[in-house]
Each structure stands twice: as structure tokens, then as C-alpha cells.
Amino acid sequence: MARPMTIIGAGLGGLTLARVLHLHGIPATVYEADASAGARTQGGQLDIHEHTGQRALEAAGLTAEFRAIIHAGAEATRVLDPRGVLLFDEPDDGTGGRPEALRGDLRRLLLESLPEGTVQWGRKLTGVAALGDGRHGLSFADGSTVTAEMLVGADGAWSKVRPVLSSANPVYSDMTFVETYLYDVDERHPATAAAVGAGVMYALRPGRGITAHREASGVIHTYVELARSEEWFAGIDFGDAAAATARIAAEFEGWAPELLALITDGERPPVARMIHALPDDHRWSRVPGVTLIGDAAHLMPPSGEGANLAMLDGAELALALAAHPDDQEAALAGFEETMFARSRDEATEAQVIQELCLGERAPYAFIGFIGGHGLDWVPAWGQAVSDYRGEDDEPDFDDITVRMSVPAGVGGSQIRVELSNRFADGPVRIGHAAIGVGSRFVGATFNGQPSVEIPVGASRWTDPIELNVAKGDDILVDVYLPGPTPYATAAGFRFDRSLPGDFVESLPFPLEGSAPAAVDESREFPAPNTGTAPDADAEPDGTGWSLPAGGPFLRTVEVAGTEPKAVVVAFGGSSTAMGWPQYTADLLPEDAAIAVVNRGISGNRVRLDAPPQTPSWGQAGLTRFDDDVLGTAGATHLVIAYNSNDWGLPGRVTAIEEMPTLAQLVAGYQELIDRAEAAGITVVLATITPLAPELRVDAHREELRQDLNTWIRTSGHEYVDFDAAIRSDADPSRLEPRYAAPDHTHPSIDGSKRLARAMVDTLDRLQLLPVR
């Protein structure tokens, strides 16, 4: 017959254990240090997982009661950058499998399911002594004692029961969460309420972040995460709420006001919760009559699993004891082995999630994790989109289908595409979309729906599609735009638009006209200084303009089912945007398994954003680095390949005061290098090719180019010598004519191919290509 159970701790794990024991007729008493059930707040929202917490509630016979306390819509997830720009937005469509409920509601549900008197309040355990035969004597702060026939420590991180089994102690994880609350947010904090949305919002950077949960009754419960030492936090007096708030807020200087309000406008004093952990492989030898569950057994960094695992521990221990009423030691031994294996894996996963959230690739690694549908995605093609509002003469879309054809740099067995509305004045409505390879099209869905509205500043990924893609295949992306849609978020130079109507998946495609996006290189090099506009047809083969495929909204195509050796991000200005990355991918053998992603933007500069009159030149490289480099899935290598915009534009197109010094340029490059290397990305620098003589304005600009190239070649970093590849031997300050486009500043088709050959040789030098 099963011996009665003594449980220390009335948290979710201990109460689940008591409830399932009760259902199986095994008596249990729970001793809790708190004076009453309402003695302190019980924390915020929990997502209860299908295979852990929900399994435990099913074993406890409380599934229906749990469904009644779910916070509808709370599975919605948003990720913002510090500027408040929306990077990821997944609404709660009811299919997530992780419904949210308040910890306090869940605890109340469990308490109400237990017989009166099961929980003894105000009983703080102070000591445990072995009495032999599996029995233990318990001492409490009120002077009382109890003899436990069978003892379970469910008493959390600083368990008083754990020393009976293990000498391990929790260790500070160099991470602290500062807890804050806002109330009546829709009325009093509307901008913050909108930023957080209906569920959980993450705003993450390396070493710091803000995670805010929308709770019932207009409450936002926030954890401000900071990777700082114990000594750093010891220097903050949390007894002085105003001073503590100011000190924490200072770590987020420059963040969007609606995000800072989660710290500065908190309506309770901030509370620091230092994050501790036990060893990932924490275990102990079997001691008769005692075991641990939950944080007492496997304390780990927050990952959404702590409460779920505690409840599952409690349920599984109770079921094991009920299944072995005459051999409880065998039940404990079997339970512990199962728990040890599970908790080891979950602790490792928790460390991974912490790195995804707050490591050097935050928040993009985290976005890939939560938005990847459990698959490892690799970019097969990509471009850097920019802002064409009010600048381009491409007509708006209205009842038009857009077809974009882009080449696959790597193959895979599943595919998805990212459609971006980063730069817009209103949402974009996608009425219908499809992805095709060859003659086979598959209709695309967005969270299971055939259409989607993309909010301003956001992207939407299609759901994964099973479609075999080989390296070099042309991937067709069809998007039907049913209503008025400005040409705003775009890149690339070639795409097709249809006659009016929905022609998604149509073969042949009914062209309104090939309608390439208007290419006006004078935006970078104005017409008075460049002569005639680019016209590939007017030049002999190979000497015209290299105009890559692309189009509006389409930012990235990813595939799954392949293991790349490298993901190379090409980052720079127009010479990069115009084609050498694609020619590089074309030259690579299929078994190289190297993805090359083009994140070049015409007119782009390292240090300064585009001037107001030409927003399509994009944000400065230093500004867009996170989105376009760290935001590229699995990036392993970065090629920084800018041209002369930083010093070619001041005094001609922008103010002469924007002319940089060599030291400023080197500092900009070095910052890009440092940020990439901090994220584990190998950097390759590209030397800068010459400007046309008529664009130099003065000799200083050519001297600056030569000096920067000297630094690139002698800095000790890997480099690819684009300058040497296409400059004239007769006059190194000019492009070789056969490699020059009509403006004598950009590479021609043959010039871009020669840059690609230099890049392939560099990849070979880096030992990334197969050995022949």
C-alpha cells in the first residue's frame, strides 16, 4: 500500500502532484511557507504546452477547467527592434498549441481541486533529517516538526530538501529580469499597447531586451532583461524606485518611446529577479523515501518550460507511485531516470533559447527559431529592399498580378518567401500568391490563409511549401494585388506585371508589358554628370548594364532540406546590387552548397543614410547591418563591398559637409567588422573600384579611394581585390573599358562576372569550395 506523501511547496508542480495523487487515492499533505494563497503575487502569463503542461492537466482531470481560464488571443507574438520597427508578427489563430493563462489562475484552479486542509499554510521548512527506513524528520520555522513517510521537494530554486540528495547549488547566470507593470494600457498608454499587441512582444538586442505580455483587464506585465553581473545589480538601490528605474532605463537609451515606457512608466516599483541555474545534467543517486521535482530538481534559465516541466514532473511522479503502490522505491527510481533525461535536454534547450534571445545575433536568430516551423531554413536568394516612395516612376498596382523570377542559389525540398512592407504609408493586401519552379506552381498560404494584410513596417512569410528546388532553378513568385498598392518597398530591376486581374499561376503570363522597374542610375550619379541613361541594348554583349531580377515586396526566398557549407552575405552599394553576387552563385559548383545573398542597395553608404530626395539609397550600412546581415538566416560570411558613394556624392548630390575623412571611413568599416565577428561571422573586405573621372570633382576623392584600398589590403582582414580585377592597367584610376558599364563607374555584365570570378577565388582561398 502506498505511503502518504509529504510535499514541500505549493507551487504548480507540488499542487499537480497532490491533485493526481488525490485522484488515485494516495493521501498527501502540502506544506507551504506563504501565510495564505494570496500572500504574494504569483507571476504573470504562462504558455501551457501541449506535450508537458497540458498532459499534466489532463492527468489531473482539469482540462475543461483549464480551457475556461485561457486568455484568448494571447498566443500572438511580435518582435520589434529598438526603433519600434516590427520585425515579426504572428497573430493568434488558435492553432498554436500553447494557450496562455495567468499563473495565479492556474494555481487557484489546482488549489480548488484539492480536499480542504491538503495545503498547510505558513509552514516554512527550515531543516530535514534522515530518520532511517526512508523516513525524514522535518522542522519548520514555527517550531513544529513532522515525520515524512515519503518526502517530495517541490520547493523551488532554493530548495531545503535538495541537500538531502545533492550538494549542487544554483549559480547566477549573469542575467537578471527586472519586472514592471502597466495598467489600463489602452487608455493610458495607447502607443505602448499598440506596440505590444494582443499577446507577447519581444524587443531584443545582444545582452538586453524587453519582453512584455498583454494580460487580462488592460495589464501589460514586462520583464526587462539585462546581462549584467551580480556586482552591477548590487550597485542599484531597488528600494529607491525612481533611481532604480532611471538606472535600468539608461541601458535602453535611444529606444523607441513606446518601448521605454514599459520601464519608465511602470506603476509598481521595479523588482529585480536574478536568474540562477543548476547544472544542465544535474542528477543524484537514489536516496530512499525522497525525491525532487520542478525547479528544486532542474532549475534553468527561463525558456517557457519551467512551469510546464514542474507540472509534468508532478503528474508523472503521481502516476508512477499509483502504478507501483507496493514498491514506491521502484516508482521513484523509474521516475527520476525519466526526469533526468528530460531535464538535461530541456536545460540545454533553455541555454540555446537564451542565446537566441540575447546573444550576438539577437533578435534575428530568435525570429528564425519561432518562425521557422521547426525547419532549418537557408536563403536561396535575397535582396535588400529600400524605400521608393515618391521617387520612382513605376506606376502603382491595382488589380494587378506581379510575377518575379529569381534564381535559386542552393536547392532544397521545401520553400517559403518573405514579402516585406517595410517602407509604406499603409498596409499591403496580398489577395493571392503562389510559388513555382518550372511549370509546377503551388498556391501559397499565410498562417493557413490564402490572403494576408501586411502591416506598415512588417514582413510576412508564406507557410512552408513542399516543392523541390535545384541550384540554378528559376523560382517564380506570383503576387496578386487586388487594390491600390503603391510601388514603395522594392529592389531589383526586373519583374513582370500582368493585365488587370488575378493571373497567379497562369502559364503563359499575360503581360501588360515586360515593365521593368525604371532604372535611373542618375539617382546615384545625376544626369548632368553621367551622360546618357543606361541602356543594355545599346551596347555590345557583355558591356551593357547588369540588371538583376527582383521586384516589389519580395525580400528573401528560403529553402529547407539542405545543409549549406556557408551562407555568404554580399553587403554594399550599387555595384553589389547590380549582379556580382548572382554571378558568383552561378559559378559555384552544385556540391559547394554555398548560398550567396545579395544585400546591396544602389546609392548606399557606409556611414550616412540616404538624403530625403532619394530614399531608395537606403539607410546607412551601419544602420541596416542588423536587418540585412544578422537577419539573413545562417549567415556565416560577410563581404563588405561598397563603392565610392561615401565620398563620391558629397558636394555633388549631398552637402559637402558629408565628405568623410579616411579615419571616419575606417572607423565605419571597423564597426561593421566588429559587429559581424561578434556574431561569429567571417568578414571579407572588397577593395573599391574607380569612379568615372568626370564624377571625381577633385583629386582628393581618388586619393581617398586609394588610401582606403591600402587600408583594406593591409588591415589583416581577408579581402577580395575587386579594384585589381577590373581597373585599367594603363590607368589604375579608371575602369578597364571592357569591364565598364556606359557610365564608366559601374561594372558591365562582363565586369560583374570578373568580380564574381575574383570572389570565387577568394572563397576557394577560404577553403569553402570542394577539393577537386
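Numbers here mean position along the shown chain, with the first residue as 1.
Positions of Cβ are set from backbone N, Cα and C atoms, glycine also.
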Item to complete: When you get a sec, could you say which of 82-117, 514-549, 730-765 is annotated region 'Disordered' by TrEMBL?
Response: 514-549
Response to the item:
Here the Cα-Cα span from ARG40 (NADPH binding site) to ARG103 (FAD binding site), rounded to a whole number of angstrom, reaches 12
Discussion item. Over the span of the domain 'FAD-binding' (6-324), how high is the average pLDDT in this prediction?
Written reply: 94
Worksheet entry | Helix, strand or coil at ARG40 (NADPH binding site) [DSSP, three-state] | coil
Discussion item. Please give me the CB contact count at 10 A for ASP295 (FAD binding site), counting all chains in the structure.
Written reply: 28
Worksheet entry | Same-chain residues at least 6 apart in sequence whose Cβ lies under 8 Å from ASP47 (FAD binding site) | ALA74, GLU75, ARG98, PRO99, GLU100, GLY304
Worksheet item: Relative to the Cβ position of ARG103 (FAD binding site), how many further Cβ atoms are located within 10 Å?
Response: 16
